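Notes follow once the structure below has been shown.
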Amino acid sequence: MAEFDRDLDDELEFKTSKDVDVTPTFESMDLKDDLLRGIYAYGFEAPSAIQSRAITQIIKGRDTIAQAQSGTGKTATFSISMLEVIDTKHRETQAMVLSPTRELATQIQSVILALGDYMNVQCHACIGGTSLSVDMKKLEAGQQVVSGTPGRCLDMIKKGCLRTKNLKMLILDEADELLNKGFQEQIYDIYRYLPAATQVVVVSATLPHSVLEMTSKFMTDPVRILVKRDELTLEGLKQYFIAVEQEEWKFDTLCDLYDTLTITQAVIFCNTKKKVDWLTQQMKDNNFTVCSMHGDMAQKDRDSIMNEFRSGRSRVLISTDVWARGIDVQQVSLVINYDLPPNRENYIHRIGRSGRFGRKGVAINFATNDDITTLRDIEQYYSTQIDEMPVNVTDMM
């Protein structure tokens with residue numbers, strides 16, 4: 001059952017365009033019957049705060065900037081809107097979702113297929129690290145929706161396999177990351193291939209001012225549904241730091257923490273691939289069962305690790321920020337920032353992995369003497385407080 005924290009919904013303050021109404025039920029959104037069936041079968045009962053505001057605006061054809069916290073149903077917001085708009089009688093691609101990671105693109109594909117189960121919708125994950133010939137075959141056969149990463153989608157467009165002439169909607173998920181330096185040019189290149197009337201939807205947990213400025217280049221009079229930045233700390237998440245003075249002490253601190261806590265599932269974040277590999281080996285050498293993932297791994301290995309972690313066969317995942325955006329594993333109760341993120345926007349994406357949909361979660365940050373300034377900067381940016389971890393932290397889990 002997919003549940004949202006209703007108390008959290010009530011507390012959200014939307015800095016929203018004036019003409020945005022709240023639609024309190026899915027029935028009152030005037031959706032297709034088969035789509036409604038899919039929504040209820042998926043486990044949704046009533047729309048979350050972002051869904052009750054954004055879905056009807058997107059369905060009207062408005063360019064939309066939607067910002068909401070992790071765990072409030074952003075993926076379903078654009079998936080439901082898109083499924084309402086596409087015509088399943090035609091096989092050509094009518095909607096494209098771009099995501100910053102392969103895992104997120106694949107997860108979005110599975111949400112779209114589940115919600116569109118009774119509509120017989122065709123949705124393909126167009127991602128790097130997979131067979132080009134399979135991509136080409138699937139796209140040639142006709143896919144109403146493509147969920148992919150910018151590089152592979154652009155490649156397929158240039159090869160003439162992903163045809164955009166009938167595209168109605170472009171969705172940028174985790175837009176802050178997509179529009180950052182690494183993906184900006186690819187996004188602009190893709191946009192040049194789209195029909196002039198293509199509707200653009202931008203969705204993200206954080207939307208820095210620079211990103212909002214950038215969207216003005218390819219959005220027309222967008223409706224804005226925004227959460228004020230100081231509301232972006234995640235309710236129900238307890239945030240702590242442990243002072244470790246120097247880098248060399250972090251590993252012993254982690255082992256001590258393991259002896260103290262009973263962990264359902266946890267994610268440990270490091271800033272580099274090298275550190276992920278090193279820490280994974282150290283943990284295994286000390287008889288801890290862990291798995292790890294970073295961007296250098298082959299796609300089939302990353303898929304296999306994600307499946308293990310999602311199913312609960314693996315309880316601890318060590319990763320770089322490749323995992324930090326939008327991957328929903330419902331049982332994650334603890335996030336450890338072995339390294340504080342170098343980019344403060346990524347902090348909320350990392351800790352947003354725990355306590356999703358209103359469950360309680362704990363985020364623990366290892367802070368060396370050199371990290372204290374970064375920690376205070378994160379506190380100030382999100383108007384939040386990160387306390388030193390108490391001795392009785394087990395009672396908080």
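Glycine too: its Cβ is placed from the backbone N, Cα and C atoms.
Swiss-Prot tags one of the stretches 173-176, 233-236, 237-240, 249-252 as motif 'DEAD box', and that stretch is 173-176.
Of all the binding-site residues listed (Thr72, Thr75), Thr75 has the fewest other CB atoms within 10 A of its CB.
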